[in-house]
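Q: Please see the structure below; I have some questions.
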Amino acid sequence: GLFFSDGRRKVDYILCYKSKERRAFKHRLSISSNGGIPLQSLGRWEAEGETVEAGGPAGDIEDSKLTEEEKALMREDFEAGLVEAGLQIERDKERPNGIRFIRLHIPWPILSREAELQKIKVAVKKKCELRKRTGIAGLWDSFVTKVNTPFQPDTPDFDTHKDSETRIHFKTLKHPFIRDKLHLYDIKSTETLFDNATRSRIVAEIISRTSCRQPYQTTGINSLIARRVYDSAFPLHDGSFTRRGRKDQRNDRQLLHEEWANYGVMHKYQPVDLIRKYFGEQIGLYFAWLGVYTQLLIPPSVLGIIVFLYGIFTVDDNVPSQETCNDSLNITMCPLCDGVCDYWHLSTVCSLARASYLFDNGATVLFAIFMSLWAACFLEHWKRRQMCLKHSWDLTSLEDEEERVQEELRPEYEEALQEKKIKLKAQMKKKARAVTVGSGCGWRQITVDEGEKKQEPDSLDVEDHLSGYLVNVATLLFLIFVTFSAVFGVAVYRICMLSVWSMNPDPEAKASVRMTVTTTGIILNMLVVLVLEEVYGAIAVWLTETELPKTTEEFEERLIVKSFFLKSMNAFAPIFYVAFFKGRFAGRPGDYVYVFGDYRMEECAPPGCLIELCIQLSMIMLGKQLIQNNVFEVLIPKLKKMYRTIQEEKGKKKASEKNEEKEEEKRPKQQFDKDYVLEPFEGVGSEYMEMIIQYGFVSLFVASFPLAPAFALLNNVIEIRLDAAKFVTEIRRPDAVRCKDIGIWYNILCGISKFSVITNAFVISFTSEFVPRMIYQYMYSTNGTLNGYTDHSLSYFNVSDFPPGTAPTTTLITGVSVCRYKDYRDPPWKPDAYTQSKEYWSVLAAKLAFVIFFQNLAMFLSMLVAWMIPDVPRTLREQLKKENMMLMEFLLNQDQEAQ
């Protein structure tokens with residue numbers, strides 16, 4: 001199935017469509033056109049006694065109501081245009097399930113013409129020596145190369161070669177292809193000069209600009225697929241992904257399967273050059289970026305584990321934890337809810353206090369500053385890596401106009417524009433009739449017809465997009481409300497369950513009610529986040545379609561912005577609530593804030609909300625990654641593939657029952673049959689989105705969960721091989737799209753990195769106990785230690801001041817006259833009882849000062865790192881100059897010899 005029936009011409013692209021049983025075409029078997037046989041002889045189709053000819057009248061019709069005869073006419077006209085463009089076509093026999101495949105081949109004259117137009121670079125007969133660093137830098141490079149050798153994939157080098165005698169590396173120089181100067185290029189065979197990905201990309205460009213005029217005007221294969229004239233269009237994989245012969249006989253797909261999409265090679269680097277060669281620059285850049293991100297997660301992962309271990313080893317020496325766990329202090333806390341909740345001893349949250357210290361210690365602040373520097377280093381390192389890839393992949397001179405020879409209109413935009421033209425024509429015809437009838441003169445009619453042609457629009461204006469913009473604004477505002485309502489709903493669930501479960505007469509159950517409510521609330525939050533993420537993804541696509549973007553690039557950028565806004569808001573809203581809002585507006589004993597009139601707003605535990613923030617972050621992050629990896633990326637594609645296979649088998653079974661297509665059953669399965677049942681490629685946007693959201697988890701709240709980079713590292717090591725297996729074995733081969741960089745995703749990464757400085761500053765200041773402890777130790781402590789900090793951070797409340805009905809109805813702790821609560825307020829025996837004390841204002845001022853100091857320090861260091869690390873390595877700049885000089889000399893010498 002990789003070649004035409006003659007066994008010589010490659011299949012460069014596949015078109016397929018489904019034919020209905022009610023249509024009876026004239027029997028055609030493997031009708032082949034080599035570009036010289038016109039297809040007009042196939043212009044008459046017979047269907048149920050009716051004959052429809054090409055060139056029939058065109059009218060205003062909805063695409064969904066296209067008849068099978070009209071679709072057949074559109075296919076014939078489109079394929080005639082492909083033959084006119086120079087492509088060669090071979091049709092396969094109809095399958096038992098009604099699927100028909102059309103194979104396309106691009107011959108050398110057309111291939112060379114298109115390669116010249118698209119400025120595709122080809123290797124010339126000149127090589128350039130790759131410069132190596134000398135001295136200490138050279139020794140270091142040699143050491144790194146030897147260390148990395150066991151981790152390199154067993155794949156060939158495509159553009160670099162090593163001289164076996166001198167051990168010098170050479171790079172093959174490339175120059176845009178010119179048909180009239182074939183002597184410049186290192187051409188062994190015209191059949192192998194351009195690889196399969198390049199050939200399929202050129203064919204994809206041709207079929208994207210080919211027009212179909214009968215019976216309805218449309219341009220490009222995507223428009224025909226949207227109108228269901230064709231079912232799908234895709235390039236073929238390079239055969240099976242499982243190797244049957246010797247190791248040196250592996251095709252590129254088998255190489256990728258064994259050296260990349262295999263859990264046995266998790267310790268090796270990715271073969272990014274082979275990925276780019278097989279899938280194109282867009283997918284190659286994604287996996288290169290993912291590899292850099294994963295590799296650079298190693299230092300913060302190690303440091304985060306060290307910070308966590310530091311907390312474990314020093315928790316026994318932590319004075320606030322010791323005071324919390326000290327039963328002899330006999331600190332009685334105020335009830336957690338009104339009426340049914342009892343007083344409780346502070347020592348009952350001993351384990352919570354010790355756990356909080358593991359993530360809330362002095363090392364956490366240093367780690368947060370380090371992560372700000374790490375984010376800057378990561379972005380700078382990726383820019384350098386991207387420049388190196390652009391050099392090795394010959395993308396340094398790629399301009400925007402070269403990325404797409406022709407901007408293809410989206411089918412939906414084209415349809416809306418066509419509808420606008422039809423409406424405008426109808427209005428002009430009405431005016432023309434009115435003018436003709438009113439004047440009785442023919443020359444007025446001619447004037448109106450000329451005006452009609454002049455006024456025919458070439459594009460949609462603002463008024464045509466206005467309704468879509470209004471729908472977008474209204475829907476986004478509604479979804480923001482839905483997200484905050486979901487967070488508030490889970491908070492109400494925790495508030496209600498705290499009161500309900502506190503009625504349990506069992507003392508042990510009452511002691512664990514806070515942890516039970518917190519855990520169930522976090523699980524519920526995670527489920528809500530997962531469900532809303534899928535819903536928001538579908539809504540983002542719908543909203544972008546209502547805007548009617550003109551081109552595919554514009555559509556993708558708008559979709560990325562909307563998807564990121566909705567999904568990041570959904571993922572981070574519960575975490576923001578716990579970090580910055582929970583317990584801030586709960587009030588105090590005797591003057592609490594109530595929800596629905598009866599339920600108190602929830603409060604943080606005495607050790608603070610940081611431990612709950614840590615649990616919330618870890619549960620959502622891990623649960624999201626595990627469920628997405630196992631369900632959405634593995635299970636669902638396999639189920640879809642299974643469903644398509646079952647449907648195909650049902651079609652064959654029905655055909656065999658009718659004694660049809662006997663010889664079809666004997667023929668082995670072709671490659672296009674195998675590729676058709678695979679999952680269609682839907683872009684790398686979802687892959688980027690998953691990693692960008694993870695990057696937000698790693699950077700935005702790393703001060704509360706230092707282990708986040710380690711969990712992200714473990715996930716990504718598996719994620720790379722999981723995505724690799726999906727691309728190699730589970731989805732159809734995508735078009736090889738050329739691009740220079742990762743696009744708008746880099747801007748999103750920069751925004752997250754800058755915003756993370758602010759969030760971490762506020763987490764350390766307002767969520768953790770770092771600043772209050774420092775203020776107590778250096779301003780209020782008598783001996784400069786934290787002894788007495790716990791008592792200092794708790795305020796007093798006289799139980800006689802409880803409003804009626806809010807004091808505990810039954811209590812196991814007798815003789816309570818005052819209870820304690822977490823706040824800085826004056827005691828009841830002072831004149832201004834229960835007002836915020838001077839300690840409160842001192843701590844607040846210190847918190848704000850720390851935010852300003854931390855933010856400016858982190859920003860300054862980040863800018864310093866960005867300034868110190870150049871975007872383009874010095875060795876690469878020198879290598880580019882050397883290559884350009886050698887290439888110009890080679891071209892001049894060749895021109896002189898030709899003269």
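Glycine residues also receive a Cβ, built from the backbone N, Cα and C atoms like all the rest.
Below are the features I grabbed from TrEMBL:
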- 3-272: domain 'Anoctamin dimerisation' (DOMAIN)
- 275-883: domain 'Anoctamin transmembrane' (DOMAIN)
- 650-669: region 'Disordered' (REGION)
- 286-313: transmembrane segment (TRANSMEM)
- 362-382: transmembrane segment (TRANSMEM)
- 476-502: transmembrane segment (TRANSMEM)
- 522-543: transmembrane segment (TRANSMEM)
- 564-581: transmembrane segment (TRANSMEM)
- 692-714: transmembrane segment (TRANSMEM)
- 848-869: transmembrane segment (TRANSMEM)
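Can you tell me where each of these features sits in this structure?
A: Listed by sequence, the residues of this chain that lie at least six past the ends of the transmembrane segment (362-382) yet keep a Cβ under 8 A from its Cβ atoms are 289, 292-293, 296, 299-300, 303-304, 306-307, 310-311, 698-699, 702-703, 706, 709, 746, 749-750, 753, 756-757, 760, 763-764, 768, 770, 854, 857-859, 861-863, 865-866, 869, 871.
Sequence-distant contacts of the transmembrane segment (476-502) (same chain, at least 6 residues past either end, Cβ-Cβ under 8 Å): 336-338, 340-342, 509-510, 513-514, 516-518, 520-521, 524-525, 528, 532, 536, 539, 543, 562, 565-566, 569-570, 573-574, 577, 582, 595-596, 599-602.
Within the chain, the transmembrane segment (564-581) has long-range Cβ neighbours (under 8 A, six or more residues past its boundaries) at 476, 479-480, 483-484, 486-487, 490-491, 525, 528-529, 532-533, 536-537, 539-540, 609, 612-613, 616-617, 620, 624, 689, 692-693, 696-697, 700-701, 704, 748, 759, 762-763, 766-767.
When Cβ-Cβ distances below 8 Å are used as the criterion, the transmembrane segment (848-869) is approached by residues 365, 368-369, 372-373, 375-377, 379-381, 384, 753-754, 757-758, 760-762, 764-765, 771 of the same chain, each at least six residues removed from its ends.
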Q: How about long-range neighbours of the transmembrane segment (286-313): same chain, 6 or more residues beyond its ends, C-beta under 8 Å?
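A: Sequence-remote neighbours of the transmembrane segment (286-313) are 269-270, 272, 275, 357-359, 361, 363-364, 367, 370-371, 374, 377-378, 381-382, 385-386, 389, 684, 687-688, 691, 695, 698, 702, 706-710, 712-713, 716-717, 719-720, 723-724, 742, 745.
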Q: For the transmembrane segment (692-714), find every same-chain residue at least 6 residues outside the stretch whose CB is under 8 Å from a CB in it, and list them.
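A: That would be 293-294, 297-298, 300-301, 303-305, 307-308, 359, 364-365, 367-368, 371, 375, 564, 567-568, 571-572, 575, 579, 610, 613-614, 617-618, 620-622, 624-625, 745, 748-749, 752-753, 755-756, 759-760, 763-764, 767-768.
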